[in-house]
């Protein structure tokens, strides 16, 4: 038997081809992130019907199947993967026990598209540096998204970012990505530094233009948290928080200012007085959880139960992502989702404390700090929206999974000499 040996030319060609496939895969997953989160392609009506996401998914699959990744980590060691597998299984189990099984199963099949994005994200990105590139492009896309919101608001239009993204969800998305803008601004230089600073100003203005009180609250809380966990003098952090919160309320449009003035007013606040307001909907949702604590009513079935209660052709949503999953998937489903939040936030916080010892690793520190704050932003903003099955959670979970995979591979290990120098 004659053994074939590969010469240096063949090896160089193989490496070059692998690099091209890796670049295409990274480009594809970046496009998917832009289409799944701010949905910029929906600004062009033709692209809504063309559905370019399917073509990008095929590109990513081809590149993944024909290339070799870095050192692999068994998926059983990734908590987010285990939890999401359990979440999907429970979703379909509860669907069979729901009030309208066919609608729940259809919703579950649609949710599997998010799982495809989750898997492609894990397979396409192998390093923190690649993740940084993806998030940086996403943040630059947020500049376009925020500009669109402000421009449409100036024309008296409430919609922004496409046909399928609610203004409140747009405000939540900006609040989730705002800490990334802040930490990337802190770590970058030159053009990107100015772009991220401009993006923070645009993002804050866009949240105000959406008229979302929950978005404003989430924005103020997450920026305050980002300032506090960042390095620097405590007095400087408090001053920065005071300036940021004051600026938000100082430049607040009259419409949303009036909504804040009515907050808590038992006579004028819609959410307290109307049967479709959040307080009464939350009460009915909690009663529904008590009646169906294990399996819930099935995914996407709360709206049908609500319409039967109110004797209307159209119901309302829960306006709270925890109540949403608790009513539709039962308490076990809610516990699984909250476990994803708790595990991911704790991982990001733990890794941030570890990476802080490496002053030259600013990109990883920016990613971990932004990710830690992003989970908090979504948890706060999600208290007012039905976003339990949102692609935003999938994106954050994908980032957290990659971070933990890098940790298990030892990418964050710091040599003893560097650790002593950093501590000194």
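Numbers run from 1 along the shown chain.
Cβ atoms are placed via backbone N, Cα and C, with glycine included.
Annotated features in TrEMBL:
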- 20-40: transmembrane segment (TRANSMEM)
- 52-71: transmembrane segment (TRANSMEM)
- 83-99: transmembrane segment (TRANSMEM)
- 105-122: transmembrane segment (TRANSMEM)
- 134-155: transmembrane segment (TRANSMEM)
- 167-185: transmembrane segment (TRANSMEM)
- 197-228: transmembrane segment (TRANSMEM)
- 199-338: domain 'O-antigen ligase-related' (DOMAIN)
- 234-252: transmembrane segment (TRANSMEM)
- 321-343: transmembrane segment (TRANSMEM)
- 364-381: transmembrane segment (TRANSMEM)
Average the per-residue pLDDT over the domain 'O-antigen ligase-related' (199-338) and send me the rounded value.
87
Would you say the transmembrane segment (83-99) and the transmembrane segment (197-228) are in contact under the rule of three or more C-beta pairs closer than 8 Å, pairs 6 or more apart in sequence?
no
Under an 8 Å Cβ to Cβ limit, what residues of the same chain, 6 or more beyond the ends of the transmembrane segment (167-185), are close to it?
37-38, 135-136, 138-139, 142, 145-146, 149, 158-161, 192-193, 196-197, 199-200, 203-204, 206-207, 210-212, 214-216, 218-219, 222-223, 225-226, 230, 365-367, 369-374, 377-378, 380-382, 384-385, 387, 390, 392, 396
With pairs fewer than 6 apart in sequence excluded, do the transmembrane segment (20-40) and the transmembrane segment (321-343) have three or more C-beta pairs that lie under 8 Å?
no
Stretch contact, the transmembrane segment (83-99) with the transmembrane segment (20-40), Cβ-Cβ under 8 Å, 3+ pairs
no
Sort out the residues at least 6 away from either end of the transmembrane segment (134-155), same chain, that have Cβ-Cβ distances under 8 Å to it, and list them.
26, 29-30, 33-34, 37-38, 40, 43, 125, 161, 167, 170, 173-174, 177, 180-181, 184, 192, 195-196, 198-199, 202-203, 205-206, 209-210, 367, 370, 399
